[in-house]
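Pulled from TrEMBL, these are the features on record:
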DOMAIN    21-309  domain 'Protein kinase'
BINDING   51  ATP binding site
């Protein structure tokens, strides 16, 4: 039967992507739009198409533009790429944007719901996460929302980091004051300094998230599933223990520092108690990834060089970005119409 050349409807959503992309099937949806699988009739490849209708809200507009800008410049095996962007030829006619990406079978969140991972799988997945993150951080970008559902997987265990809608440029010459008003990272994977400081954050926030993901791969359950802000903080302190005086100095917010000092003393819980069957090297790495003080947290390069990953570690095959992003590339203060115009330009 000949492929349909008109728009296809998937669960009430019109996908106007024919004739190149057809045979669409629902995969899922989030706050920013629906994702379907389909076929690229030019290459014969199976692909994923994300339909985004971002122009109702400036935040959605910014998020879409940010993701497209970053992923259009990134080229790395462990980061999802953009194969094509479909949009109206004129900005004023543009209501929807379709982002075409490689199709991955599943994600870490779904995988952990269905099976326990072997140490070999955990090690290989962690290596790929850190390999991708090394590239991201080398481009002066913070992902800010690393979590299992943003780690895409296929049947050959290839892993790709996705969803750069909350990413930020970490320009070392710029003070990030005021940027934490926006929702940052799913709470369970959020670094303590994000909750405790009103300003300032660094690449260490992504390292914390990786520590939470490694713990989840080891235990098949989230390490810090906080129900709300204070619960999240308490769960962290229950494991890491009360911060020492030196670590309190990294909390710039006086009210937050006073709150921590007012809490009863909590001893540290040894990670071996939480993960009794885990590889000792994996536990040592978690210890370094989940340091309360961001200044004491391991860097992505140091994590890759950790003994737990020695069978994969190869700095010559862990590429970095050729051109780091600069802070002036941030577009957060532009009005919606200007953002719409930018979304209609080539990247």
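Backbone N, Cα and C define each Cβ position, glycine as well.
Taken together, the residues of the domain 'Protein kinase' (21-309) have an average pLDDT of 90.
Within 10 Å of the Cβ of residue 51 (ATP binding site) there are 22 other Cβ atoms, across all protein chains.
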